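Look at TrEMBL and you will find 26-47, 53-72, 93-117, 129-146, 158-176, 229-250, 271-295, 311-333, 354-374, 386-405, 506-528, 540-561 tagged as transmembrane segment.
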Amino acid sequence: MEQAAGCPAVGGSYPQKNAEILSSQYGINLFLAGLLLTFAWAVHAVGISKSHLLSYLITLMLIQLLWMLWYLCRSCTQRRLIRDKDTHAGARWLKCGITLFAVITLILDSFKIGYYIDFLNCLSPTEGIFPVTHAVHTILQVYFLWCHAKDVIQSFKTLERFGVIHSVFTNLLLWTNGVLTESKHQLNEHKERLITLGFGNITIVLDDHAPQCNCTTTTLCSIFSQGIYYLYPFNIEYHILASTMLYVLWKNIGRKVEHHQQNKTPFKFHGITVGMIFGLIVLTSTIAIVVVYLIQIGGSKIKSELALTMFYLHAIFVLALMCTAGIVALLIYRLEDRSLDNSKNPARKLDAELLVGTAAGSWLLSWGSILAIICAQGHPKYTWYNLPYSVLVIIEKYIQNLFIIESIHREQEKVNDDIKTLRIVTISRGSTLSLAPLYKEIYNGRAARDSGDVPCLFKGSICGRENDGAGVAKEETSQDNSLVMHSASDFSFYSRNSATNNKRRILKNIAAFLFLCNLSLWIPPAFGCRPEYDNGLEEIVFGFEPWIIVVNLAMPFSIFYRMHSAASLFEVNCKT
């Protein structure tokens with residue numbers, strides 16, 4: 001009977017599992033087709049132009065727009081229904097972050113529209129249609145994520161799986177397109193810099209996709225063309241964040257959610273002054289280093305070598321500080337005895353997987369640099385700084401990943417009722433004002449009313465005793481001894497509480513410091529300060545084209561790692 005009763009439930013799960021597998025395969029094939037088209041355009045394949053790639057991306061965005069509009073309309077008609085929500089998904093700070101990146105992405109689209117108007121005579125219509133479609137797609141997608149990122153879809157599940165996974169891979173393809181376009185621009189600048197470093201044996205062939213006609217307004221064309229590449233890092237981060245939020249939404253389809261109240265964890269500046277100050281110092285110095293680097297690199301051989309040396313020394317110092325802070329945080333965790341939260345949580349699982357997966361990009365580059373230093377026959381002086389830098393990058397990510405993953409899996413510390421409750425007992429010589437009835441209701445105390453015992457609120461607290469006149473003398477004689485015991489236990493309780501608060505304050509300062517440090521280390525590669533390109537030693541050992549391919553594949557993951565780590569550390573700071 002039990003097996004018969006259970007069969008429908010088990011059998012009912014098969015269609016949903018099949019829908020999950022089919023939708024994931026649909027998304028992967030969608031992505032692979034777009035990836036191959038992007039690669040064909042990048043290598044100037046015969047018969048493949050940029051208009052073909054943009055037409056494919058426009059089609060994907062239009063399909064996603066139709067699905068999002070259908071979902072929003074259906075949600076409006078059913079707005080009175082109570083829907084399950086995943087309280088861990090779509091945090092407010094994450095929505096604010098993606099909104100900021102989306103606003104800058106809209107500015108990028110406006111620059112592309114202006115660029116298209118200036119080169120109207122020699123650009124295909126798709127290059128004008130694409131930024132307009134992308135702007136509409138960005139606005140509607142941000143609105144969709146703000147309103148529905150927490151949804152746990154329980155109706156039309158098969159259709160919704162295909163719609164959401166289509167949205168995930170559409171954003172991944174838009175991210176790939178942005179990464180490739182920005183990388184080609186960086187590569188052209190890198191090839192020009194290599195001449196100043198004395199690497200004349202490397203063939204310099206610029207990969208130019210510039211329009212083959214004159215601009216109608218030279219000044220505006222220069223502003224648009226240069227501004228586009230400075231805005232691409234924000235566009236890249238926007239699409240990867242959108243794809244991760246949509247992926248969590250896809251994983252939540254048909255999921256059974258445990259209904260419990262999640263403690264809100266707002267961000268507060270109180271208590272993190274030290275971490276913020278040191279982090280802001282690192283951020284300010286990093287911005288200054290990047291500005292000087294971009295000015296000096298490529299100017300002359302001496303200036304380029306000084307710029308690389310300056311970058312390596314600054315990065316070594318920052319990474320050493322981050323390693324130290326991470327080790328201190330892990331030692332504090334070892335001293336605490338708090339259990340881990342192993343409940344099912346798609347958002348938290350994805351965070352941990354992304355941290356380790358994207359860290360592999362910078363680990364690949366670091367091991368490549370270490371191997372190049374060991375195997376190279378000649379070593380310019382500045383290349384020796386690359387060795388401690390590469391080793392510290394590997395160690396720092398090891399430590400930071402362990403700290404973040406353990407932090408997001410630790411159970412939140414519950415606010416103790418002893419601190420929440422303030423019990424005031426007024427004792428006079430002839431009477432006692434007791435709050436016994438109130439606390440008997442709260443704590444369900446079983447003390448006999450005849451004896452007047454009141455349940456203690458916490459260990460070491462002053463327990464009131466109902467006084468009916470007969471026990472006054474007994475109470476007075478035991479008052480001195482009880483006060484001594486209570487004061488000793490109160491002191492022990494508050495000492496433990498004070499030690500916990502001190503550890504918590506240190507952890508919050510470390511999380512704030514690492515948050516700003518990761519933002520600082522995101523800035524250099526995102527805005528063109530990439531010693532992996534400009535060092536030159538790796539190109540000699542591995543060959544120019546193989547090393548450039550490795551860098552172009554690994555660098556986007558390295559850049560994303562820093563932004564994702566910063567977002568995770570912000571969450572750690574709020575939860576600590």
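Numbering starts at 1 and runs along the chain as displayed.
Cβ coordinates are placed from backbone N, Cα and C, and glycine is handled just like the others.
If one looks beyond the transmembrane segment (506-528) by at least 6 residues along the same chain, the residues whose Cβ comes under 8 Å of a Cβ in the stretch are 186, 189, 230, 233, 271-276, 278-280, 282-283, 286-287, 289-290, 293-294, 311, 315, 318, 321-322, 325-326, 328-329, 332, 400, 403, 407, 555, 558-559, 562-563, 565-566, 569-570, 572-573, 576. Using the rule of three or more Cβ pairs under 8 Å, pairs at least 6 apart in sequence, the transmembrane segment (354-374) is not in contact with the transmembrane segment (311-333).
Sequence-distant neighbours of the transmembrane segment (129-146) (same chain, 6+ residues past either end, Cβ-Cβ under 8 Å): 54, 57-58, 61-62, 64-65, 68-69, 71-72, 90, 95, 98-99, 102, 105-106, 109-110, 112-113, 116, 167, 174, 238, 242, 245-246. Among residues of the same chain six or more beyond the transmembrane segment (158-176), those with a C-beta under 8 A of the stretch's C-beta atoms are 15-16, 19-20, 22-24, 26-28, 30-31, 34-35, 38, 57, 60-61, 63-64, 67-68, 70-71, 134, 141, 236, 239-240, 242-243, 246-247, 249-250, 253. Tallying C-beta pairs under 8 angstroms between the transmembrane segment (229-250) and each of 26-47, 311-333, 540-561 places 540-561 first. Cβ atoms under 8 Å from those of the transmembrane segment (540-561) belong to residues 179, 183, 187, 199, 202-203, 233, 236-237, 240, 354-355, 357-362, 364-365, 368, 371-372, 375-376, 397, 522, 525-526, 530, 532-533 of the same chain, restricted to positions at least 6 beyond its ends. Packing against the transmembrane segment (93-117) from elsewhere in the chain are residues 123, 127-128, 130-132, 134-135, 138-139, 141-142, 145-146, 149, 216, 220-221, 224-225, 227-228, 231-232, 234-235, 237-238, 241-242, 245, 267, 567, 570-571, 574: each is 6 or more residues past its ends and has a CB under 8 Å from a CB in it.
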